[in-house]
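Annotated in TrEMBL:
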DOMAIN    25-58  domain 'LRRNT'
DOMAIN    185-239  domain 'LRRCT'
SIGNAL    1-23  signal peptide
TRANSMEM  247-269  transmembrane segment
Amino acid sequence: MLPCVCWLQLILILLSSALWTRGENCPVACLCPDPHTVDCRGRGLTRLPNEIPLDVRRLLLADNWIPRIPSDFLVLYSDLVYLDLRNNSLSSIEPGTLSTSSRLVFLDLGSNNLTEIPTGTFGESRSLIKLRLGNNPYLSMVSEDAFTGLTSLRELELERNALSTLQVGALSQLPSLRAVRLEGNPWLCNCNFANLFTWLMENSHKLPNGVEGMECSLPMDGRRVSLTQLSKESFRECQATLTLTDLLIIIFSGISVSVVAIMTSFFLASTVHCFQRWSKGTKGDEEESEE
């Protein structure tokens, strides 16, 4: 009987020790419902909490006042798969901050103060499946290479931001994309929007609400119209619009043609001059031979 009691006491000691350790590792003012989850939602935090367990997998930081993420924040948290930073005060994400998050699957940066998504923001987060960037009222620029490397991304949310245009390359480089939300942005129906419009028509099945939920402003009077009222013919005049690349090609071609023409003229003039001198020399020899 005594050995059984000793084993029971040992088990109780180990359990209490594990529970005590878990409580000690949990950041102050946060909850840790399981050994791999840290829940700090709605705690009025103005910075990231200290003493986050290194083996955390789900980190919930929504509904706080966090203004920035240190660029080396995720270096130590290689097991992190779920990061919720929704409804904070983030104004930017430094390039490279998320480059070490090799296991990150879910990232929510919605309802912040982001202004742009530059190249390299997400590094090579090849495991990322869902990315939320909606409801950032100052987000007006997304780089064409902003999502490079996100080969597993299936869901992208960019709704209700300040986007008036978006390069198609930002979307076409996402081979696993299944759903994208773009409604609620102040899209401008100009020639810069033409390629995106074509992409939307061809990929309307990836829009949860279809194109019915999207509008754009006409460049002439600012009147907003539904994309369902537009067609490729609406952007017919844009086909004759020259891009900067087209202009450079034309300029370079003109210079090349001019150089070739000058060299050809010089060659012809030299040939004619040599021929004339040869002709005079031949006539002179004939006259001397006659004498």
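Using N, Cα and C of the backbone, Cβ positions are placed for all residues, glycine too.
In TrEMBL, annotation is done automatically, which means it is predicted and not curated.
When the domain 'LRRCT' (185-239) is classified with DSSP, helix, strand and coil residues number 29 helix, 8 strand, 18 coil. Residue counts for the domain 'LRRNT' (25-58) under DSSP, helix first, then strand, then coil, are 1 helix, 8 strand, 25 coil.
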